[in-house]
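Residues or ranges marked as transmembrane segment in Swiss-Prot: 33-53, 77-98, 113-133, 178-198, 226-246, 288-308, 320-340, 347-367. What Swiss-Prot lists as heme b b562 binding site is His83, His182. What Swiss-Prot records for His97, His196 is heme b b566 binding site, and it gives similarity to another entry as the kind of evidence. What Swiss-Prot lists as ubiquinone binding site is His201.
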Amino acid sequence: MTNIRKTHPLAKIINNSLIDLPAPSNISAWWNFGSLLGICLILQILTGLFLAMHYTPDTTTAFSSVAHICRDVNYGWIIRYMHANGASMFFICLYMHVGRGLYYGSYTFTETWNIGIILLLTIMATAFMGYVLPWGQMSFWGATVITNLLSAIPYIGTDLVQWIWGGFSVDKATLTRFFAFHFILPFMVSALVAVHLLFLHETGSNNPSGIPSNSDKIPFHPYYTIKDILGALLLIMILLLLALFSPDLLGDPDNYTPANPLSTPPHIKPEWYFLFAYAILRSIPNKLGGVLALMLSILILAIIPLLHTSKQRGMMFRPISQCLFWLLVADLLTLTWIGGQPVEHPYIIIGQLASILYFTILLVLMPIISIIENSILKW
């Protein structure tokens, strides 16, 4: 009799995705982040569900409902901090996953890559709206500043902002709709993840060498299931260390002050995972220009496949491109640091130079260096 996992309509899908899936024999730990992102998503949905049971999306009670979760709900504190720090772990895994795609040329799977960009944008939107919900000072002013950026859109800008706010300022209507969207978006993310995997399984995984691995495949289970479990244990261990020992390490102290429309915090800044984009936004003195640069800093990923000029797929055998890639990583870390600093000399000029370098590396240097490497190898 044939095994039920190979015949049952539902079990068959799981079997072909997680058990009998042919996988390259040489994929490294950089290929672990996909499964880690899946674990992060499940964790966030579960902790978020339990938080939503006790949270009230109302300007008068939102802040105190979060305090109530931490003080009065059984294990509410750990659920809240797992959710808050889970978002940070989510973005660490996301950036590593995207970085891996850039380094090893995984973006040549254009459908998978494009769905990945949509996923990234959706997750960023979800995280932004989630940050507004505790209704602390940074929640309120972060929401005000970021939504206000849309007013830079010519002609319809102001109307658009007021439409999103549901009034003339960030208020009760804004909080309620942000809660509704924050709840629904992770399920949309889950659906997009299924599409992401669907496209990936059409082609199979890339591997560090960038050479087709059809002649040397191994079953996903047990080799990569055990490898994924190791990654998951490390992820959960780091998350628990964060949540239990220093839960507020990555947060902003201002968010422990209830939202007050009459007092602006001295330094308005988003969560650490948005600081690089925030630094790019602030580098341009013009409002519309800043908003465009902010959008392009993420959307530039969409044209990366068009800028691939190398005859090789990944960077494994391209040392000059490797140097450029790590320069890009250092540049992004610099931007992250600048995003958290006040707008004053020397931070302004450092941010501007780092922003220019970011776009120059991706749009100019990478394609040119790839062509030079081709000629060095006489290809």
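Glycine too: its Cβ is placed from the backbone N, Cα and C atoms.
Everything Swiss-Prot records as a feature, shown here on the structure.
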residue : record                   : Cβ neighbours (10 Å)
His83   : heme b b562 binding site : 21
His97   : heme b b566 binding site : 20
His182  : heme b b562 binding site : 21
His196  : heme b b566 binding site : 21
His201  : ubiquinone binding site  : 14
### Task
Please give the sequence-distant neighbours of the transmembrane segment (347-367): residues at least 6 beyond its ends with Cβ less than 8 Å from one of its Cβ atoms.
279-280, 282-284, 293, 296-297, 300, 304, 307-309, 321, 324, 327-328, 331-332, 334-335, 338-339, 341
### Query
Is the transmembrane segment (178-198) in contact with the transmembrane segment (77-98), using three or more Cβ pairs under 8 angstroms as the rule and ignoring pairs under 6 apart in sequence?
no
### Message
Using a threshold of three or more Cβ pairs below 8 Å, and leaving out pairs closer than 6 in sequence, do the transmembrane segment (288-308) and the transmembrane segment (113-133) count as in contact?
### Response
yes
### Summary
Students should find that the Cα atoms of His182 (heme b b562 binding site) and His97 (heme b b566 binding site) sit apart, in Å rounded to an integer, by 23
### Message
Using Cβ atoms and a strict cutoff of less than 8 Å, what residues sit near the transmembrane segment (288-308) while being 6 or more residues removed from its termini?
### Response
98, 102, 105, 107-108, 110, 113-114, 117, 120-121, 124, 149-150, 152-154, 276-278, 280-282, 355, 358-359, 362-363, 366-367, 370
#### Entry: Contact set, same chain, for the transmembrane segment (226-246): CB under 8 Å, 6 or more residues outside the stretch
29, 32-33, 35-36, 39-40, 43, 78, 81-82, 84-86, 88-89, 93
### Task
Please report how many Å separate the Cα atom of His201 (ubiquinone binding site) from that of His97 (heme b b566 binding site), as a whole number.
17
